[in-house]
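Undergrad: Before I ask anything, let me first share the structure, which is written out below as structure tokens.
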Ligand SMILES: NC(=O)c1ccc[n+]([C@@H]2O[C@H](COP(=O)([O-])OP(=O)(O)OC[C@H]3O[C@@H](n4cnc5c(N)ncnc54)[C@H](OP(=O)(O)O)[C@@H]3O)[C@@H](O)[C@H]2O)c1
């Protein structure tokens, strides 16, 4: 069997490291053409060596010399800069694993799709900002879009496309994060350290804060709509604190098919890497008798207004999605720097959306340039709002 050619974006992050682990344990299957990170030279050098990549790219060139030094004698070549990232993504390979964080992942993902490479997508922001453009490109280039996000990967595993007419609804689960039962007062006083304590998953800072505000689940509702042929009214979010059931599909005969697994991203990533085959993963096996109980509850849109905002964003389309994500990126970053409080995060996003709408800046983007324009305007407006807090 010839080895599958892979590009790994975000190789130093949480998704990236889980992917590195799987690839290094299945090295006979994969030939890593390139690994990419932002500026973490040490982490990238380590990842490149572990997967025996041919090439390593840093988006930010500041630490490029360090990367070159760290990889001296390894035979792994290096390059730097945004254009180098895009050039690598434009090289056709079998699969690009997209584990970059933020809207910065959109153009590399589109370059990969344009090159005819299949995409294993963790970077949900691309779908939130520009779902229609991404999906159109996927269709045009006839590539596979495999969902890495655990909820979407779960739904993907139990979604019978041949019976799509018989699907009543899709349910994605949310852990509820560290403030599942916290009062508004408690949330108002929450520090970055409090919000970064996710009860079940170990993830990058941005998605961990987004889990605490449930913005992450709002993004995932939008992601679900792009990945599966559904109407908004067919998507439900349910809080499931154990994070064992990740996604479910309800059929017209009353069957509810669920995918379950440990809270270990290597499981959905392996599903994408191996698809349509299964890989062996040394993840923990579920012991249901020990687990005892699986519980489910409705999300509280009162304490988590992201769960209310998302439906309006969906109504307005991808322009609103791009602003929703960009304002959140700014607000999360300000919260992590202790510039604003925890409850301010979603308020900043809501306020920025309102101002964008009032200025007619939320129209459906028909090109990447338009998405980037909306993204830039939303960042500017969010930053102004943050400076007044
Ligand atoms: N972590 C999870 O369990 C999980 C689950 C589902 C979905 N996701 C999604 O997966 C994506 C990654 O999340 P994560 O938790 O792995 O994030 P993370 O730990 O913060 O890692 C982010 C990665 O992206 C790289 N990066 C950031 N900006 C970049 C740029 N402009 N150009 C090139 N590389 C860049 C970072 O490089 P440096 O290290 O050099 O900064 C790092 O490798 C997000 O979209 C997230 O929503 C994550």
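Each Cβ is built from the backbone N, Cα and C atoms, and glycine gets one as well.
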Undergrad: Per TrEMBL, which one of 124, 132, 139 shares the 1-deoxy-D-xylulose 5-phosphate site with 150, 151, 175, 198, 211, 216, 217, 220?
TA: 124
Undergrad: Among 204, 247, 254, indicate the single residue that TrEMBL lists for the NADPH site containing 12, 13, 14, 15, 39, 40, 123, 125.
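TA: Given 12, 13, 14, 15, 39, 40, 123, 125 bind NADPH in TrEMBL, the matching entry from 204, 247, 254 is 204.
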Undergrad: CA-CA, which of the binding-site residues 12, 39, 149 lies nearest residue 220 (1-deoxy-D-xylulose 5-phosphate binding site)?
TA: 149
Undergrad: Could you check which of the binding-site residues 149, 151, 198, 216 is the closest Cα neighbour of residue 123 (NADPH binding site)?
TA: 149
Undergrad: Which whole-number value in Å describes the distance between the Cα atoms of residue 216 (1-deoxy-D-xylulose 5-phosphate binding site) and residue 39 (NADPH binding site)?
TA: 25
Undergrad: In terms of Cα spacing, which of the binding-site residues 12, 14, 124, 198, 204 are within 10 angstroms of residue 149 (Mn(2+) binding site)?
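TA: Candidates kept after distance check: 124.
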Undergrad: Whole-number answer please: how many Å between the C-alpha atoms of residue 198 (1-deoxy-D-xylulose 5-phosphate binding site) and residue 39 (NADPH binding site)?
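TA: Answer for this pair: 25 Å between alpha carbons.
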Undergrad: For the domain '1-deoxy-D-xylulose 5-phosphate reductoisomerase N-terminal' (6-131), how many residues does DSSP put in helix, in strand and in coil?
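TA: Counting residues by DSSP class gives 59 helix, 28 strand, 39 coil.
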Undergrad: Filter the binding-site residues 124, 149, 198, 204, 220 down to those with CB closer than 6 A to an atom of ligand 1; keep them in sequence order.
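TA: Going through 124, 149, 198, 204, 220 in sequence order, those close to ligand 1 turn out to be 124, 149, 204.
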